[in-house]
Amino acid sequence: MRANFIFSEVWIGLRRNLTMTIAVVVTVAIGMALLGVGLMINAQVSNMKDFWSDKVEVSVFLCGKDDPFPACKNSGGVNEQEKQTLLAQIKSLPQVENVTFENQAAAYENFKAQYGADSVLVSAVKVEDMPESFRVKLKDPEAYGSVIEQLRGAPGVSNVVNQQDILERFFGLLERLRWAALVIALILVFAAILLIGNTVRLSAYNRRRETGIMRLVGASNLYIQLPFVMEGVIAGLIGGVVAATLLIISKVFLFESVQAYLPGNSQLGWDDVASVITLTMIVGVVICVLASFVTLRRYLRV
Amino acid sequence: MASTTPATVLPPRLACRDAPVIHFDNVSKVYANQNRPALDHVSVDVDKGEFVFLVGPSGSGKSTFLRLILKEEKPNSGSIHVAGKDLSRLSNFKVPHLRRRIGCVFQDFRLLPNKNVYENVAFALEVIGKPRRFIRKVVPEVVELVGLEGKAHRMPDELSGGEQQRVAMARAFVNRPMILLADEPTGNIDPATSIGIMKVLDRINRTGTTVVMATHDAAIVDSMRKRVVELEDGKIVRDQSRGVYGQAY
């Protein structure tokens, strides 16, 4: 009886304000989808960081013959004694876990593997052009600063490159994307709150006769307010479902296709997507409930 | 009898033994941004089963009196008891329960235009969560009591003013309230039809419901010979047990 009554009231209210309801649904859907994309980028970044954190190394490149690096000027390439001193120096650093030596042949192989044997770049480069290097693995990948500081400028070292830097650049791009998505989501959430407020206000005005009589005959506040709040909740839920669809689409067509260009397996799993969808749904509905409740307090005297 | 006397020293008349249904003790009400009080130290008791006319010119405080009973407004000073409850101590949460014991009828009927007679009356029970079986049993009885049998499926715009007011009375009475407040119920109705409305109010009063009716209609007050409380500038200037409208004293 009670539920029946409330749902028929909700249905009437939603139909009467159809255009406003659609506006609310669209705003909530896009806002929540962007919030979800932000959270998915977040999950993706942390997945990738997990994957990469035990693989990144600091590369200490050694001077070859006639290297243009200022550190190598007039050196004529690194000599054996310098290599030994350097190896001992690297090993003595407390942050270092282990260190391997990559000679020119190995460097060439890696280079070929990275760009493909048929590449023009590979055919233009000879084994002798590849630099020799020490590959230094750190105990804590984040603590590269001091290591680079100490090795840069040591005799025979042309350059010290932290792979993390390269990754950071990529992560930085993702993080900017994430922030953009979250900021737009925030703006849309704000718009959604105002829209819901307006919808509820219109609805309360349309039904002022009914609510006036309800007040007079002693209907409880919950009974008077629930149809309005439910209108918001249902609009929010529909928006949430649309947002979930958008998120699934973006997972399949965006995240998975970008994945193809990235080495290693740092796929965003369906469980991540599911928890993101749940979270955005909850956020959407909570926002709708709060917005309609706050507006009701102002426009529906009880 | 003088109803301003405190309940404890009332003469032992049968109807007065119970505590009054409505008890105003030194009540004043000043609306914000108005310096003249709408009610000025009003003390009055209405006993169970009484029929009281509230008369006086516009702006004399009649509507304020009714609104205070419903706790739609709060008094600035003094205390109000309705149906044994001290309204100043009644939390907002419990106000709906107070209002379930009070029926209301207005000059402008306040019916829902998209519901028929039966649905308008049933609405009052639906929104306080009464079971459907109960509603189906009670509503036809009340529709008959107000003299609208056979018109339960008419829409309000198919009814005359008098009939619409009967629907409003049925809705006010369907929950068997302890008190029925009527604010100018005959204000929009011609005198001949008003007599029928008064008969229904009298019938409701005879079931033991206390009726408080604010009115301008001298003919009705004179014909009913009920208790008359006259307000002027927020003060009670007359309280007569079998009064007429404009009697000098």
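Every residue gets a Cβ built from N, Cα and C, even glycine.
On a predicted model such as this, the values are computed, not experimentally measured, just so you know.
Now, the feature entries from TrEMBL:
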- A:21-41: transmembrane segment (TRANSMEM)
- A:56-160: domain 'FtsX extracellular' (DOMAIN)
- A:179-201: transmembrane segment (TRANSMEM)
- A:183-301: domain 'ABC3 transporter permease C-terminal' (DOMAIN)
- A:222-253: transmembrane segment (TRANSMEM)
- A:273-296: transmembrane segment (TRANSMEM)
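Residues in the domain 'ABC3 transporter permease C-terminal' (A:183-301) partition by DSSP class (helix H, G, I; strand E, B; coil) as 102 helix, 0 strand, 17 coil. Note on the domain 'ABC3 transporter permease C-terminal' (A:183-301): its mean pLDDT in the predicted model is 86. Sequence-distant contacts of the transmembrane segment (A:21-41), counting only residues of its own chain at least 6 positions beyond either end whose CB sits under 8 Å from a CB of the stretch, comprise 14, 174-175, 177-179, 181-182, 184-185, 188-189, 191-192, 195-196, 199, 231-232, 235-236, 238-240, 242-244, 246-247, 250-251, 255, 268, 272-273, 276-277, 279-281, 283-284, 287-288.
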